[in-house]
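Enquirer: I'd like to ask you about the structure that follows.
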């Protein structure tokens with residue numbers, strides 16, 4: 001709520017405006033420090049923890065847990081407030097990384113389940129906090145809300161996407177010279193990453209606590225268990241009765257599918273045969289670099305539903321080209337082209353990921369102003385569910401079958417998205433006339 005300027009004598013004393021951009025810088029930097037560690041460790045799970053497929057199975061369990069807990073995450077974030085949810089959410093990533101120091105079914109499975117909970121609240125908290133900060137900034141400085149939401153999302157996702165680049169470079173430096181299987185080198189890598197995560201958690205503590213846009217609503221101790229259950233079911237089920245959410249869910253699910261495709265299929269079936277296992281880090285660094293650049297550019301260009309439609313269309317088109325290329329024309333070749341093709345595809349897939357990350361967050365922030373926690377919870381429910389599906393299916397279906405699934409999912413989700421934008425544009429034009 002805006003405070004009125006106090007009177008001193010007969011003069012109005014102007015209250016200094018809050019520097020909301022500071023919170024975006026802190027949030028983005030904290031996520032970079034946490035996820036440069038987690039992202040690199042996730043990429044190594046299927047390589048280092050190979051006994052009985054411990055690494056891959058742990059990731060599958062993680063994303064199933066993530067899906068389940070995302071259904072209750074909105075209520076947890078409402079109770080804790082988005083800042084506290086962000087700080088608490090980092091603990092799951094720290095514990096998962098620590099479990100990798102002594103990987104076994106007894107350490108990795110509990111850590112994966114807890115990380116599913118932590119990931120659900122940190123991501124719902126992130127979407128809520130960032131959108132609320134953008135709205136406050138637009139209101140305080142009399143700026144266009146959609147433009148500010150796009151700009152802040154662009155900065156966050158741009159810096160966040162660079163975690164793939166930075167994390168993989170650190171991995172490349174510490175596990176070079178064929179030391180990937182060395183216990184001492186991997187232990188050193190994990191200790192460095194734990195320090196990075198700790199710094200990220202400390203940085204989160206310097207965020208400004210939000211009290212507007214319905215945040216930090218503390219639960220009343222007199223509220224009955226029944227009322228809490230009803231409130232939870234509403235936050236999970238009510239968005240599904242909104243036609244706009246139903247139309248955007250396929251695109252949300254596709255955004256998860258395309259991320260998991262890169263992690264589980266592209267690195268295994270395209271990058272490794274062409275560049276070897278040592279080339280996976282380099283390819284993922286290229287993917288992260290272009291993801292970051294595109295996120296920053298797409299955020300700057302976002303101003304409302306019309307710009308979101310154009311940007312998403314571009315991202316969908318270039319990813320479709322890669323899938324068709326892999327399905328119909330790509331063949332493993334030697335020489336310079338054999339190296340360049342996987343790197344080019346990694347760059348294009350990174351651009352597409354940057355588009356979907358920034359534009360989905362901006363779209364939900366614009367369309368669901370009155371239930372941000374519920375909207376971002378739906379985002380993570382469907383994303384994590386589709387990621388889990390790919391991890392569990394990747395061992396049982398061929399690359400060609402996965403590519404057909406990706407193309408079908410892209411077409412269906414893009415059709416639903418176009419129908420949604422037509423409805424939104426009509427609503428905007430009718431309200432302005």
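The backbone N, Cα and C atoms fix where each Cβ goes, and this holds for glycine too.
Remember, TrEMBL labels are computer predictions, not curated facts.
TrEMBL feature annotations, pasted as is:
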TRANSMEM  24-41  transmembrane segment
TRANSMEM  61-77  transmembrane segment
TRANSMEM  84-101  transmembrane segment
TRANSMEM  113-135  transmembrane segment
TRANSMEM  156-175  transmembrane segment
TRANSMEM  187-207  transmembrane segment
TRANSMEM  243-264  transmembrane segment
TRANSMEM  308-328  transmembrane segment
TRANSMEM  340-367  transmembrane segment
TRANSMEM  379-397  transmembrane segment
TRANSMEM  403-422  transmembrane segment
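Give me the lay of the land around each of these features.
Expert: When Cβ-Cβ distances below 8 Å are used as the criterion, the transmembrane segment (24-41) is approached by residues 86, 90, 93, 96-97, 100, 126, 129-130, 133, 152, 155-156, 158-160, 162-164, 166-168, 170-171, 189-190, 192-194, 196-197, 199-201, 203-204, 206-207, 288 of the same chain, each at least six residues removed from its ends.
Here the transmembrane segment (61-77) has long-range neighbours at 85, 96, 109, 112-117, 119-121, 123-125, 128, 228, 231-232, 235-236, 371, 373-374, 376-377, 380-381, 384-385, 387-388, 391, meaning same-chain residues at least 6 beyond its ends whose C-beta is under 8 angstroms from one of its own.
Residues 27, 30, 34-35, 37-38, 41, 48-49, 62, 76-77, 107-108, 110-112, 114-119, 121-126, 129, 187, 190, 193-194, 197-198, 200-201, 204-205, 207 of the same chain lie 6+ residues outside the transmembrane segment (84-101) yet bring a C-beta within less than 8 angstroms of a C-beta in it.
Away from its own ends, the transmembrane segment (156-175) comes close to residues 24, 27-29, 31-32, 35-37, 39-40, 43-44, 126, 130, 182, 185-186, 188-189, 192-193, 281-282, 284-285, 287-289, 291-296, 299, 350, 353-354, 357-358, 361 of its chain (Cβ-Cβ under 8 Å, at least six residues beyond either end).
Sequence-distant contacts of the transmembrane segment (187-207) (same chain, six or more residues past either end, CB-CB distance under 8 Å): 23, 26-27, 29-34, 36-38, 40-41, 83, 86-87, 90-91, 93-94, 97-98, 100-101, 129, 167, 170-171, 174-175.
Beyond its flanks by at least six residues, the transmembrane segment (243-264) meets 42-43, 287, 312, 319, 346, 349, 352-353, 356-357, 360, 363-364, 367-368, 375, 378-379, 382-387, 389-391, 394, 402, 405-406, 409-410, 412-414, 416-417, 419-420, 423-424 of its own chain at Cβ-Cβ distances under 8 Å.
Tertiary proximity for the transmembrane segment (308-328) is limited to same-chain residues at least six positions away from its ends with a CB under 8 Å from its CB atoms, namely 251, 258, 270, 298, 301-302, 345, 348-349, 351-352, 354-356, 358-359, 362-363, 399-400, 403-404, 406-407, 410, 414, 417-418, 421.
For the transmembrane segment (340-367), the list of distant contacts is 127, 130-131, 134, 145-146, 149-150, 153-154, 157-158, 160-161, 164, 244, 248, 251-252, 254-255, 258-259, 262, 266, 270-271, 274-275, 279, 282-284, 286-295, 297-299, 302, 304-305, 308, 311-312, 314-316, 318-319, 321-322, 325-326, 330, 333, 375-376, 379, 424: same-chain residues at least six beyond its ends, Cβ to Cβ under 8 Å.
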Enquirer: Hey, which bits of the same chain come close to the transmembrane segment (113-135), Cβ under 8 Å, at least six residues off its ends?
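Expert: Contacts of the transmembrane segment (113-135) (Cβ under 8 Å, skipping residues fewer than 6 from its ends): 20, 23-24, 27, 31, 61-70, 72-74, 76-77, 80, 82-83, 85-86, 88-93, 95-96, 145, 148-149, 151-153, 156, 207, 210, 212-213, 215, 361, 364-365, 369, 372-373, 375-377, 379-380, 384.
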Enquirer: What residues elsewhere in the chain lie close to the transmembrane segment (403-422), defined as a C-beta under 8 angstroms and at least 6 residues from its ends?
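Expert: Non-local partners: 244, 247-251, 253-254, 257-258, 261, 305-306, 308-309, 312-313, 316, 319-320, 323-324, 326-327.
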